[in-house]
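I have placed the structure first, in the form of structure tokens, so that the comments after it can refer back to it.
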Amino acid sequence: MGKRSRNRQKNQQDRNGKPDGRTRDNAGWGAGYSEIIKENKLFEHYYQELKIVPEGEFEQFMEAMREPLPATIRITGYKSHAKEILHCLKEKYFKEIQDLEIDGQKIEAPQALSWYPDELAWHTNMSRKILRKSPLLEKFHQFLVSETESGNISRQEAVSMIPPLLLKIESHHKILDMCAAPGSKTAQLIEMLHSDMDVPFPEGFVIANDVDNKRCYLLVHQAKRLNSPCIMVVNHDASSIPNLLVDSNGKREVLLYDRILCDVPCSGDGTMRKNIDVWKKWSTSNSLQLHGLQLRIAVRGVEQLAVGGRMVYSTCSLNPIEDEAVIASLLEKSEGALELADASDDLPGLKRMPGMTNWKLMTKGGEWYTDWSEVPKNLHTQIRPTMFPPTDPDKLKSLKLERCMRILPHHQNTGGFFVAVLVKKAPMPWNRRYPKIRHREAEAPPPAPPPAEEPLPAAAPGAKPEEEGEAAAEDTPLGPEPGDPAQEAAPLPKPRPPPSKKMKLFGFKEDPFVFLTEDDPVFPPIQAFYNLSPAFPKLNVLTRTHEGKKRHLYMVSKELRNVLLNNSERMKVINTGVKVWSRNNDGEQFGCAFRLAQEGIYTLFPYINARIISVSVEDVKVLLTQENPYLSKLGSDANAQAKQLAMGSIVLKYKPDPQHADAPQCPIELCGWRGKTSIRAFVPRNERFHYLRMVGVEVFREKQGRRDDQAREAPADGDPEATPTEDPEATPTEDPGKAEPEADGEAEGDLPSDGEADENNGSAPGRDATETDEAKGS
């Protein structure tokens with residue numbers, strides 16, 4: 001053991017003391033970023049020969065590829081606060097930095113992306129190093145970090161924002177994101193689903209899938225920032241993602257999606273500006289190896305797309321083997337069931353190149369092939385016929401591949417990207433001709449869905465494919481799709497899709513999803529305490545355990561409940577729902593054992609008719625800068641309302657006043673606690689900073705901030721035990737007061753004892769923090 005320790009110490013000295021030259025800037029294995037030469041002659045030769053860049057622009061293209069990628073941010077359009085954040089950015093931070101100079105270099109003010117709707121996406125050339133050189137820029141950086149963590153801003157590459165926009169999401173759409181992690185596009189889909197904030201439960205939903213179990217938890221972290229009851233994260237191989245069943249008018253039907261995002265794994269040569277190791281690793285063999293997987297995922301996607309639905313296929317690769325070749329093969333297999341949509345009028349201002357109609361293939365050794373007939377037999381395992389364009393000119397013309405779009409980096413200072421929009425005109429030919437599901441259901445009626453009170457167990461980790469994947473394997477390909485008149489068997493289709501793999505389930509075992517019944521004893525005290533509307537959907541409430549006391553209550557939309565109840569054996573759910581109530585151990589003496597959770601307040605508030613205090617801008621400032629203010633510190637109206645309420649959980653509601661243009665022009669709803677003589681807001685740290693900025697209070701964390709050593713004792717007025725939730729290094733312009741307790745003794749943002757992780761630390765539900773961090777590879 002001692003020798004091992006000494007060796008480890010020596011290696012540490014080698015890295016930090018630099019005796020062996022293995023430093024970030026002078027490395028032996030894996031050169032430091034400064035040592036990577038941004039040249040790859042094979043890359044240049046390949047794309048020059050393919051002519052993907054207009055004539056005379058190749059040098060500009062290569063120069064742009066060698067430049068760092070500008071930072072881009074997107075203001076989330078999901079919440080009604082988006083306009084307030086945009087106003088704050090434009091009127092405060094952008095104005096302060098537009099004439100700033102650092103080391104003689106003038107800082108360029110951020111610019112809105114011309115093609116992104118409503119000025120909700122911006123790009124800037126400021127690097128992280130520059131951001132830290134000026135106090136003003138440091139504040140801007142902290143603003144970006146804080147708002148990102150609270151879900152109001154997303155730092156996302158510009159071209160990555162394109163696919164969700166082209167899907168044209170509406171609130172009733174059922175959406176599948178096939179390869180979703182890390183989740184920036186998924187967040188866009190959720191935002192679009194919730195474009196109308198007056199609708200707490202949109203009819204549609206997003207099912208976000210990823211094959212990597214560890215990356216699924218990163219996806220959960222991203223999605224949970226948006227606090228939506230309409231998102232479900234699942235863990236499957238996208239090329240064999242199982243068919244799901246739903247109840248429709250008393251019958252079980254296969255779930256077909258209105259919109260599918262098919263952003264497949266790719267070689268990523270469009271990301272060279274930010275992933276500079278691609279310069280060294282790029283080879284034509286990367287695309288040859290990925291083409292088959294990309295095609296299988298795309299085929300599985302269109303199988304699950306409803307007739308009339310829309311699927312966007314995208315990659316961050318410029319290579320036609322991964323782009324047009326996949327689309328051409330997919331269109332040929334569909335025999336007219338699919339059509340490339342003309343998206344040339346969508347996103348005006350976006351510069352794009354039309355899809356290629358002719359390309360050739362090069363091996364790693366440099367040999368070129370223009371047709372499958374030229375490929376020697378010894379290469380048939382590496383090169384497939386689907387990698388070449390169709391040889392029939394009429395067929396090639398009918399595919400309309402020019403409707404695909406390729407984004408080139410030098411045209412608008414972005415990364416490289418490829419997008420194609422597919423519309424489904426009819427069922428896929430192999431689904432029409434092989435009505436497996438309907439025949440099977442005719443022979444044996446499907447079992448009734450499990451009763452609402454039964455838990456839905458997650459699949460055990462390491463389950464055998466033949467046990468857990470049987471249903472998914474049987475269900476592929478799909479049977480006749482809803483509305484399909486073809487019921488009789490027909491001859492074998494010529495271009496039958498590749499056989500699907502059996503579903504594999506692995507990773508952590510998740511806690512069960514247990515839906516409550518309408519007569520569950522938990523509801524009467526909650527109903528009475530908050531005077532819930534009769535329209536409140538009790539059946540949509542679930543918990544994550546069926547043993548002991550219910551610690552947290554969550555809500556999902558009606559359609560996601562339908563999916564969960566009918567597919568417990570078919571899919572592995574990582575996370576779904578939004579937390580709306582948490583158990584308060586002292587709450588029963590006040591009339592209700594559950595306090596409101598800030599995460600779910602915008603979902604729950606439309607059903608609450610009691611325990612509401614209307615507050616002004618000044619009240620919001622007091623509640624968020626003083627951790628446990630006395631009732632007397634509130635305005636007279638809020639004070640009077642609070643005095644009429646008994647102790648316990650409350651909603652603090654700010655309603656905008658159009659007469660006061662300087663005040664926030666969007667509603668604000670905060671969870672709080674009414675004590676004997678004091679009141680407090682239960683708001684996580686980053687959300688607290690967000691609301692403070694909205695009401696004009698500057699929040700800035702000093703680099704050398706020190707913890708407040710003052711005693712943090714809550715007034716002895718019957719409130720629960722105090723636990724501070726303010727960041728001690730955060731310095732609002734108004735002095736913070738003393739800490740108010742969480743209702744059940746837990747600080748907002750701590751890991752609750754039943755294993756439900758806080759979205760602010762990225763831990764996975766059902767895991768403790770240590771296990772989850774190990775899963776992520778940290």
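Here the Cβ of each residue, glycine as well, is placed from N, Cα and C on the backbone.
Per TrEMBL, these features apply:
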ACT_SITE  Cys316  active site, nucleophile
BINDING   Cys179, Ala180, Ala181, Pro182, Gly183, Ser184, Lys185, Asp210, Asp237, Asp263  S-adenosyl-L-methionine binding site
COMPBIAS  444-454  compositional bias 'Pro residues'
COMPBIAS  716-729  compositional bias 'Acidic residues'
COMPBIAS  742-759  compositional bias 'Acidic residues'
DOMAIN    61-425  domain 'SAM-dependent MTase RsmB/NOP-type'
REGION    1-29  region 'Disordered'
REGION    441-502  region 'Disordered'
REGION    703-778  region 'Disordered'
How many Å lie between the Cα of the residue listed as 'active site, nucleophile' and the Cα of Lys185 (S-adenosyl-L-methionine binding site)? 13
Please list residues from the chain of Gly183 (S-adenosyl-L-methionine binding site) whose Cβ is under 8 angstroms from its Cβ, counting only those at least six apart in sequence. Ala208, Leu218, Leu219, His221, Gln222, Ala223
Model confidence over the domain 'SAM-dependent MTase RsmB/NOP-type' (61-425), as mean pLDDT, sits at 91
Within 10 Å of the Cβ of the residue listed as 'active site, nucleophile', how many other Cβ atoms can you find? Include all protein chains, please. 24
Inside 10 Å of the Cβ of Lys185 (S-adenosyl-L-methionine binding site), count up the other Cβ atoms and send me the figure. 24
